[in-house]
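S.K.: I am attaching a structure below and will ask some questions about it afterwards.
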Amino acid sequence: MTTESIFITTLPMDFNSQFDNITIGLNDNETLCENWREIHHLVFHLANTCFAAGLVIPSTLNLHMLFLRGMLCLGCTFFIIWAVLFRCALDIMIWNATFLSINFMHFVYLVYKKRPIKIKKELKGIYHRMFEPLHVSPELFNRLTGQFCEIKTLAKGQTYAVEDKTSVDDRLSILLKGIMKVSYRGHFLHTISANAYIDSPEFRSTEMNRGETFQVTITADDNCVFLCWSRERLTYFLESEPFLYEIFKYLIGKDITTKLYSLNDPTLGKKRKLDTQPSLCSQLSVMEMRNSLASTNDNEDGLQNFLRGTSTTSSQRNKQQEFYNAYGVGPLSHAVFC
């Protein structure tokens, strides 16, 4: 028995007649397709043109999503007009009204996200100098500075921290305006200029060990304005924002490096900047240097020799290495912060 005979025996008795009807129907349809209907109204073609224009907008365009949603909304609107005025098709109108509502809500959301975000006048400097080059958005910056920090002032001569008295656990600050000077036992160490952390060495070195005090005195050398975070609340916030956490690690590390090199040449804090600044290992910071000074009684000669410095980079490094060897802090590493 052939395959064809098996197939015929398994079919119902009236299948052949139904199949003939279907064949005839298909032939009729093929004949009818020769009579094309007239072209739809211009509104129909405008709708499809809007859809096509929205889809071909390049994704590299900054506002391509806004243009896409706008063209989809316009296309749906034309389809609704066409369905109501020229086709009287309720289903086409309902579907396109639904699509129009969805796309319009998305369009409004995108416009809201693109709105210009205002940054406080006092904070624009540190945003443009420190955070914007690292691709921190204004919205994220406002979250960082708007919840658990405040802007404070210090008059000339007032102290931000006093050695052996002020706790390092309470705050972290960035100087917005003015100049501060850092001294140890009456000896000037370096200055802190605007757009720099005030207590970054203490913040880094006491992340694991709390309850310590400043080993230096920080005094306002001018009328100063600074941004002050609550350290505990800032730590909790950064734990929920991994991107900002890495930004803070980088900025604090860079600030510590700048402070370290300004110990040999105080003019670095005001007039000069190092193009390529080698850094310390993560365990080595200015705070450890300060603690090493505090733990040594006979350190006046070493401090004076260290602060004297020389004009060349190689001699600066030699002086620093001698200083660290003398006070038992450990070898100096010249790895670069990433």
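Placement of Cβ uses the backbone N, Cα and C atoms for every residue, glycine included.
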S.K.: On the question of membrane sidedness, does Swiss-Prot assign Ile39 and Glu239 the same topological domain?
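M.R.: Judging by the topology that Swiss-Prot records, the two residues are on different membrane sides.
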S.K.: From Asn21, Asn96, pick the one Swiss-Prot annotates as N-linked glycosylation site?
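M.R.: Record lookup in Swiss-Prot returns N-linked glycosylation site for Asn21.
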S.K.: So which residues does the transmembrane segment (41-61) touch in its own chain, when a touch means Cβ under 8 Å and the partner is 6 or more beyond its ends?
M.R.: 67-72, 74-79, 81-82, 85-86
S.K.: What is the pLDDT of the topological domain 'Cytoplasmic' (62-65) when averaged and given as a whole number?
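M.R.: That stretch averages a pLDDT of 87.
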S.K.: Which residue counts does DSSP give the topological domain 'Extracellular' (87-91) for helix, strand and coil?
M.R.: 3 helix, 0 strand, 2 coil
S.K.: Taking helix as H, G and I and strand as E and B in DSSP, count the residues of the topological domain 'Cytoplasmic' (62-65) in helix, strand and coil.
M.R.: 2 helix, 0 strand, 2 coil
